[in-house]
Amino acid sequence: MEMERVHEFPHTHMDRRPRKRARLGWDVLPQATKAQVGMFCGQEIGNISSFASSGAPSDNSSSLCVKGVARNGSPPWREDDKDGHYIFELGDDLTPRYKIYSKMGEGTFGQVLECWDRERKEMVAVKIVRGVKKYREAAMIEIEMLQQLGKHDKGGNRCVQIRNWFDYRNHICIVFEKLGSSLYDFLRKNNYRSFPIDLVREIGWQLLECVAFMHDLRMIHTDLKPENILLVSSDYVKIPEYKGSRLQRDVCYKRVPKSSAIKVIDFGSTTYERQDQTYIVSTRHYRAPEVILGLGWSYPCDVWSVGCIIVELCTGEALFQTHENLEHLAMMERVLGPFPQQMLKKVDRHSEKYVRRGRLDWPDGATSRDSLKAVLKLPRLQNLIMQHVDHSAGELINMVQGLLRFDPSERITAREALRHPFFARRR
């Protein structure tokens with residue numbers, strides 16, 4: 001029986017062509033005959049009996065191939081669910097190398113499982129992508145991007161580190177270092193309480209440093225959001241938070257991460273910079289105005305997302321909570337002021353309905369009274385930040401205004417933002 005190729009790094013080439021997946025030794029159904037000898041490539045061979053050598057792959061080859069016999073004890077073959085998600089049980093083996101311990105999360109792409117790596121003797125996070133063509137293709141793009149980032153991020157301090165990847169039962173599986181919770185999950189479990197300003201400063205600097213690093217490599221992440229920023233450690237401390245007047249204060253406690261170290265994840269939507277990119281990118285709350293208006297986008301769309309994230313860390317809530325384009329644009333004007341007329345004159349034909357007589361068609365274009373209320377309740381950016389920040393508010397407001405400039409050509413770059421006085425206190 002021919003076994004499939006399992007990949008370890010470094011890679012010298014990636015073939016994106018679709019192919020029929022060879023059946024794995026651990027995919028054999030219970031009634032099958034004894035495991036047969038076959039070719040097995042990569043470091044998974046450490047879990048194959050009759051292994052000839054324990055040497056690691058050389059730098060000159062993408063994998064190491066030896067003959068081996070697959071072990072028994074693989075989980076029974078299960079059909080995927082109707083959406084193409086992999087069906088598993090805790091304690092299952094995911095290839096002979098990885099043992100499933102828990103489910104860490106899920107999304108439209110698939111699931112993330114906490115697994116024990118028998119070879120490295122450590123816990124890892126394994127992203128199991130849905131067995132659907134478009135998600136498999138996106139996973140291969142993510143792997144390529146992770147490889148490129150890994151080549152240049154020698155210290156591994158900016159982006160999540162990929163350990164391995166393989167194709168198992170029609171699911172692309174990407175093995176990552178195990179990190180802590182996402183910023184979103186931390187906020188949610190903390191009842192959406194804001195972060196202290198010094199922590200916002202540290203996280204903001206790291207995030208901008210990662211974005212600047214990617215932009216230097218001509219990469220655009222396109223999906224920056226709190227869900228895609230992980231704390232390296234989930235450890236936290238509780239600090240008192242005082243509410244009410246000085247005479248009668250109620251004390252409650254909120255969680256604060258012990259460490260400010262973060263890493264960016266999810267590079268499935270990452271693309272290289274090129275002309276005329278007009279398709280929709282980014283998750284709604286963090287989507288830049290040029291994307292909504294069909295004006296084309298580039299590096300500045302990431303910078304806009306960072307600005308929204310920094311405000312959210314200061315307040316505990318997403319800045320623009322909407323799911324409709326015109327309402328979203330109206331919220332932007334409410335918080336940041338009117339759009340430049342030259343931007344509104346250039347909108348594409350799909351976005352013309354949002355503009356009337358050179359201005360945003362609001363409030364006339366509002367679809368409901370609730371929509372009007374949602375926009376009117378938003379304060380100006382300065383007032384919003386000052387409600388939550390005691391010191392450094394002026395510097396923070398100035399920097400965020402630069403990150404959230406409507407015109408992408410006038411928006412500050414990530415590298416410029418790193419030199420802003422707001423970050424002087426950390427240097």
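The first residue you see is number 1, and the count goes up from there.
For all residues, glycine too, the Cβ spot is worked out from N, Cα and C.
What Swiss-Prot says about this one:
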type     : residues                                                   : note
ACT_SITE : D223                                                       : active site, proton acceptor
BINDING  : M104, G105, E106, G107, T108, F109, G110, Q111, V112, K127 : ATP binding site
DOMAIN   : 98-423                                                     : domain 'Protein kinase'
Euclidean distance between Cα atoms of D223 (active site, proton acceptor) and G110 (ATP binding site), Å: 17
Set of same-chain residues at least 6 away whose C-beta sits under 8 angstroms from E106 (ATP binding site): H85, V112
Cα distance (Å, whole number) from T108 (ATP binding site) to D223 (active site, proton acceptor): 14
Three-state secondary structure, M104 (ATP binding site) (per DSSP): strand
Under 8 Å by Cβ from T108 (ATP binding site), counting only residues of that chain that are 6 or more apart: Y135
Among M104, V112 [binding-site residues], residue with fewest other Cβ within 10 Å: M104
Densest Cβ neighbourhood among G110, D223 (recorded positions), 10 Å radius: G110
Listed in sequence order, residues not in M104, G105, E106, G107, T108, F109, G110, Q111, V112, K127 with Cβ within 8 Å of the centre of the ATP site Cβ atoms: I128
Recorded ATP binding residues, M104, G105, E106, G107, T108, F109, G110, Q111, V112, K127 - maximal Cα separation rounded to whole Å: 14
Reduced DSSP assignment, G110 (ATP binding site): strand
Segment-level pLDDT (mean, integer) for the domain 'Protein kinase' (98-423): 95
